[in-house]
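Per TrEMBL, the features are:
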type	residues	note
COILED	B:628-676	coiled coil
DOMAIN	B:676-891	domain 'Histidine kinase'
TRANSMEM	B:6-29	transmembrane segment
TRANSMEM	B:41-64	transmembrane segment
TRANSMEM	B:70-88	transmembrane segment
TRANSMEM	B:116-135	transmembrane segment
TRANSMEM	B:164-180	transmembrane segment
TRANSMEM	B:192-218	transmembrane segment
TRANSMEM	B:244-262	transmembrane segment
TRANSMEM	B:282-305	transmembrane segment
TRANSMEM	B:325-349	transmembrane segment
TRANSMEM	B:382-401	transmembrane segment
TRANSMEM	B:407-432	transmembrane segment
TRANSMEM	B:444-466	transmembrane segment
Amino acid sequence: MGKSVLLIEDEPNIIEAISFILSRDGWTVATHSNGHDAVGVVESTLPDLIILDVMLPGKSGYEILREIRELHETQGIPVLMLTARGQVKDREMAERAGASRFMTKPFSNAEVLEAVRELVVR
Amino acid sequence: MGTLNILVAVCLIYVIFLFLVAFGAERAAMRGKGGWLRSPLVYTLSLSIYCTAWTFYGAVGYAARSGLEYLTIYIGPSLVMIGWWWVLRKLVRIGRAQRVTSIADLISSRYGKSNLLAVGVTVLAVIGTTPYIALQLQSVTVSFAVFSDAYEASVPLQSQESNALLVAAGLALFTIVFGTRNLDVNERHHGVVMAIAVEAIVKLFALLAVGAFVVWGIGGGVTEILHRIDTSKIGAWQIEGDRWAALVFLSAAAFLCLPRMFQVMVVENEDEGHLRTASWAFPAYLMVMSLFVVPIAVVGLDMMPEGSNPDFFVLTVPLATGNDGLAMLSFLGGFSSATSMVIVAALALSTMVSNHIVMPIWLSVTGGGASVSGDVRHVVLLSRRISIGAVVTLGYLYFRLSGGGSALASIGLISFAGVAQFLPVLLGGIFWRGATRTGAFAGLTVGFLIWAYALLLPSFGTGVLISQEVLNNGPFGIGWLRPQAFFGITGMDPLVHAILWSISLNTLCFYIASLVGFPSPLERLQGAQFVNVYEHSSNPQSWSGSLAQSEDLMVMAQRILGAREAQELFEREARRQGVSGLLPEPSPDFLQVLERELSGSVGAATAHAMIGQIVGGASVSVEDLMAVADETAQMMEYSSQLEAKSEELTRTARQLRQANEKLTQISEQKDSFLSQVSHELRTPMTSIRAFSEILRDSDLLSEAEKVKYSSIIHDEAIRLTRLLDDLLDLSVLENGQVNLNVQTGQLSEVLDHAIAAALTGGGPDRLEVNRRRAREHVWLSTDLDRLSQVFINLISNAQKYCDADQPSLSILVGRRDGALIIDFIDNGSGISKQDQAVIFEKFARVGEQRASGAGLGLAICREIMARLGGDIDYLPGQGGAAFRVSLPGALAVAAQ
């Protein structure tokens, strides 16, 4: 069984696209689509990697990431952040919040795969 | 008796003539025509009041008794006029610059405007002059008596004294009429001056006529007369050096210090240039006056019986030879001498008495408040008139009480010696800046005490006011204080003795007290101004003043400009002048610069007055004060204007700050908007890119997957397009560039169209729309397409977001306050209060639901409604989500 990836994203089409790409590469993909209970899901599933969108309904990706980094069980999990706002200050905020990698939409499928593979050492 | 009557008549006619002369001169001066009044000749002649009856009659008597010594009385003034005319010029310049009204005024003004000093000088001047006035009255009386003696030997002198009263009254009247006609600032009296000029001619002419008669009529020609003089004892030149020197000095000092001389020489002076003429013309006049004195004395002594009074040879010689006409002329000459002296003396003294004694008392009694109001004028005039009367009365009383006769004969020189005490203070005041008020008091007091003690008291005769005992052994037996032998120095002429001691001790005390004392600032300023009068008065328009102390200016400037600024200004000016040190010379240029600087702070009038106080010493007039007050008022107004401006600025600043905050907010909103737009564009593009890559790269996709992914790409492309459309639409609406396409149509039809457009594809979850068509028959005249766009938006929102099991939307049309309202109410759970506030914002998407819209719909609706002149609002409290669209009634045409 492949390593697990938790995708937290609210845009259905993007969820479908990323799930398809990662599943085909052998990853086990779980998805979650709102910000409210995202941290709880992370805590209970403890995935090998989290792909986290910034703009989520209920709670922003930065906040979720900060909370993940504060929790002992989850603070080591690599997080790949996705944002549709490609500005410099967004990248800085992501890094401050503890993101392992930051990607701006739209991205190429190959980029995502490569980033995921790098972040999770098999 | 007949001749006496003629004499009285001639006298009256002469007096009337003088009145007419004076009146004519006043009239001419008032009309501004009296150019001839201001000629140097008139000025010179007016100086001849120096030659009083004492000179006219007494010189001959003097010569008969003491030989050529009488000449000293002429030499003194001549020396002053020729050799010291620069002193006179300075006096005249100061008099004009300071508007001096009398010698008392000059001295008090010089020594810090001390009125006490002025009072002292006035009192001393009155004491010194009163016997002299008495002398004039006596001469007139005696000359009357001489006439009557020649015809009616029986008429006693006593009855003639009534003449003295008449003369005194007449002179007082004349002085009052022409001396106090008006209050001239310069105290000039053209009528008086003209009258005494005429009298000067009369007395000169009379003396010359008598002299010519004596030389050619009696004496038998010049050669014969010269021979007779040589044989006479008068001709013997017995010059006692010390007495001559003392007398020359005395007459010179008196010429400068006599109040009446000061009056004609300084106060009545029209033009400084007149001094130039007078400096040779007046000595010439004196020379001519003295020309026939010796011949008359010699002939008189030869001709007249033993024991006759030589003082009246001028009268008695013509009378004795039966030349009544000549005697009459001679009498008029003496009369002129006496009257002109009394008139000018009364004028000068009354000015002093009135200005320094009566007015200060009156002002202090009345509280001084009237000093500014107009009614003070008549008080001044009244005070002048009373003073004139008092001065003349004093002279008359002195004449009556002293009993006339020999007591008065020597009074001329004693009087001279009295006023000569002013000399050190006067000269010191105009030439020595170090002279102080204390010094002036000390000198004057000491001088006058010695004069009174050593000269005046003994002059009344031994035993009258001073006993033989004191005279011989000194007061209380103190030998060195004997009135005529101070410090035991005996054998001196009493007059010389008194002059020597009084003047030298006066000068010494004046000098020492000035050195010891410390002058007040005002004294210092006045002193500078008097001593340096030429630099000051040469150009009255601009300041000048090496007189001003730069320190005084500095102190003042520091107060007004601030210490550092003032210092910088002074240093800069000093550098410019090339002066070493920090204080510049108070040159006119510098003073102008300073005044300009000061006027920037305190206003021009105030600055001028301030510098004037320090440099010019000019007293601040009421006009100056008014100007200062005006300026202050202006400054206060200006300051309140500034305050208002400052408030306005504060307001503007606040508005600017608000505007800036708004701009910052707008800028942030713009950033946020761009960020939102970026997000909204990138999200569909992400899906499109991801799925297009999947389709491109994956061969193993099923047909269903391919269709599905292609559909996603298609939908997202449409979403992108719609987003771009919305953005453009919003941009156009917001910029106000929208062109409304106004049409007329039925509201129901617009709704029909909107519902049809919004609810495409009738699935099972299709929204149910409830309408009341009857109410929808309203004609509208507006941009129906845009209105429809709003309706479509609201209906599709209800379609998208209504969370009821059986979603339905009620569209209700009504009227409220003349406006047409259309409510869209669904049966969902509605929008939370918190979200209601933001739903009309751009990209405001509320709730958990994801929808395909970019969140611009309601923002666009609001913009459209604003353009149409209507409004769109959330309608709370309706259960579900409710929106109210309202249109102004004017757009709705009445239902048909």
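Residue numbering: from 1, along the chain as shown.
Each Cβ is built from the backbone N, Cα and C atoms, and glycine gets one as well.
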Ranked first among B:41-64, B:282-305, B:382-401 for CB pairs under 8 angstroms with the transmembrane segment (B:244-262): B:41-64
Positions on the same chain near the transmembrane segment (B:407-432), where near means CB under 8 A and six or more residues out: 52, 54, 58, 87, 90-91, 94, 103, 106-107, 110-111, 121, 124-125, 127-129, 131-132, 134-135, 138, 247, 249-251, 253-254, 256-259, 311, 399, 439-440, 443-444, 447-448, 451, 455-456, 459-461, 495, 498-499, 502-503, 506-507, 510-511, 514, 527, 530-531, 533
Interface-richest range of B:41-64, B:164-180, B:282-305, B:325-349 toward the transmembrane segment (B:116-135), CB pairs under 8 Å: B:325-349
Stretch with greatest number of CB pairs under 8 Å, the transmembrane segment (B:192-218) reference, B:6-29, B:70-88, B:164-180, B:282-305, B:325-349 candidates: B:325-349
Stretch-level contact, the transmembrane segment (B:70-88) and the transmembrane segment (B:164-180), CB cutoff 8 A, at least 3 pairs: no
Same-chain residue ranges lying at least 6 outside the transmembrane segment (B:164-180) that approach it to Cβ under 8 Å: 15, 18-19, 22-23, 26, 137-138, 140-141, 189, 191-192, 195, 338-339, 342-343, 346-347, 350, 381, 384-385, 388-389, 392-393, 395-396, 399-400
Listed stretch, out of B:6-29, B:41-64, B:282-305, B:382-401, that has the most CB pairs under 8 angstroms to the transmembrane segment (B:325-349): B:41-64
Selection from B:6-29, B:41-64, B:382-401, the stretch that has most Cβ pairs under 8 A to the transmembrane segment (B:282-305): B:41-64
Residue numbers, six or more beyond the limits of the transmembrane segment (B:382-401), whose CB comes under 8 Å of its CB atoms: 126, 129-138, 141, 161, 164-165, 168-169, 171-172, 175-176, 179-180, 342, 345-347, 349-351, 353-354, 358-359, 362, 408
Intrachain residues whose Cβ lies under 8 Å of the transmembrane segment (B:6-29), provided they are six or more past its termini: 36-37, 144, 147, 170, 174, 177-178, 181, 190-195, 198-199, 328, 331-332, 335, 339
Distant-in-sequence neighbours of the transmembrane segment (B:41-64), which means Cβ under 8 A and at least six residues beyond its ends: 70, 73, 77, 132, 135-136, 139-140, 143, 193-194, 196-197, 200-201, 203-204, 206-207, 234, 255, 258, 260-261, 264-265, 268-271, 274, 277-278, 281-282, 285-286, 289-290, 293-294, 296-297, 300-301, 309-315, 333-334, 337-338, 340-341, 344, 409, 412
Mean predicted confidence [pLDDT] for the coiled coil (B:628-676): 83
